[in-house]
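Engineer: Quick one: the structure is below, questions incoming.
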Amino acid sequence: MSARPQNVGIKAIEIYFPRRCISEDELEDFDGVAKGKYTIGFGQKYMACTDDREDINSFALSVVSGLLEKNNIDPRSIGRLDVGTETIIDKSKSVKTVLMDLFAPSGNMNIEGIDSKNACYGGTAALFNAINWVESSSWDGRDAIVVAGDIAIYAEGSARPVGGAGSVAMLIGPDAPLVFEPAHGTHMSNYWDFYKPNLSSEYPEVDGPETIQTYLGCLDKAYDAYRLRAAKLKSGAANGHSDASSLASIKVDDFDYTLFHSPYSKLVQKGFGRLLYNDFFSDPKNEKYASIPANFAELDRKSTITNKDVEKAFAAFGKEAQQTKLEPGMNTVRRCGNMYTASLYGGLVSLLSNIPSQEIQGKRILLYSFGSGAAASMFAIRINGSTEQIVKAVDLKNRLDSMKVVPCQTYVEALKTREATHNAVNHKPVGQLENLWPGAYYLENVDHMYRRTYGRIPTNAN
């Protein structure tokens, strides 16, 4: 009997985002709001934007083809393909089935996996499915691909500045340089903070204050669950340790970097401060918290989610740690905005692109995945091999710098076009192909039966 696969994780990664973006600073002027509302209040600099030439299928085709081609992956070596998205354009047909066109020329149609959906969490559900498949008795020796991607757009109003777009594809298999640790902590519950009940529109229903509280409240619960599980694994299963001591035994200091689902930068910073608060709450008498008011330990934990004094105290307490543990993963969100299911993994691409391979060896990364409604998980990655090829293939910094900043009016007009043509039949998109990257897929036509066909920009185009 062959040995079970070891060191299962990410072997290669690719990211795709639109070629164009708008400036959040210019958007403040365009919307007539106070200066700093978007750039300081949300912590955002730019937001990726696209028009009717791109949809979730074209995003997925672009990112998976890029993963295969840049890393010389044989399509026949893939045995599973999972997709996570909340950008739904068909209530029955999955994005995964469209992606099978990339594998048909090789004759490989024996690929398991399908789409997962729950707001921004679907990519993580897809990832866990792929990891579990590789580690299971069903594994056939081939690698898996996980795709996470979305087009995040909002109706005119206060939420529009926290949109964005992008997708990430990950090659999952054994003997990987980025290894997933076995402990997961998950919290799921029923909330109505963000949802999309109107299938005739791409826009969600959003309760802004509620979604912030849900994000942070689920972080508390997922972090608790993660620490309990990680402590048990660390000690060799349950051995009489209390939950309280288990919670205190796992802390942010155990990790070199932290990554969060990233709707916008300011919420990520709140999330990091919340982790530090949870460490304090589990071990308030530790001398390292001497600068924190002692009475914070006696406050009801749930009530502190909206307590500005607590938030400010831990923002100040964690200011230095934030620069080293959090900041390296922020490039993508600041340039592309919210990528929904892909945002956490866009942060991972940023982190890898900012830290040299030799410096990141042996380091641990704590990840927080969240999707409204709500689903949340905490898990960890350990770096166990060279990341040089991953960084070289992705070429993130050059690609982010090459994005074209367009006027805000262009973005508004693109959204109006999408509104007018959403669910349209006998529709040929009007977006200009020169606005797309070389090698990108695009929507070519929607026929009288809603069937979509796609084209591709030549890879050698300017």
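Just so you know, glycine gets a Cβ as well, placed from its N, Cα and C.
Keep in mind that this is a model prediction, so the values were computed, not measured.
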Engineer: Which single residue out of SER92, SER158, SER303, SER372 does Swiss-Prot record at the (3S)-3-hydroxy-3-methylglutaryl-CoA site shared with CYS120, THR211, HIS261, LYS270, ASN338?
Structural biologist: SER372
Engineer: Mind giving me a neighbour count for LYS270 ((3S)-3-hydroxy-3-methylglutaryl-CoA binding site)? Other Cβ atoms within 10 Å of its Cβ, every protein chain shown.
Structural biologist: 19
Engineer: Quick check on the binding-site residues THR211, ASN338: which one has the highest count of other Cβ atoms within 10 Å of its Cβ?
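Structural biologist: Answer returned by the neighbour count: ASN338.
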Engineer: Could you check which of the active-site residues GLU86, CYS120, HIS261 is the closest Cα neighbour of SER372 ((3S)-3-hydroxy-3-methylglutaryl-CoA binding site)?
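Structural biologist: That would be CYS120, nearest by Cα distance.
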Engineer: Within 10 Å of GLU86 (active site, proton donor/acceptor) (Cα-Cα), which of the recorded positions CYS120, LYS270, ASN338?
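Structural biologist: Hits: CYS120.
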Engineer: Of GLU86, CYS120, HIS261, the active-site residues given in the record, which has the fewest other CB atoms within 10 A of its CB?
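Structural biologist: Per-residue Cβ counts within 10 Å for the active-site residues GLU86, CYS120, HIS261 bottom out at GLU86.
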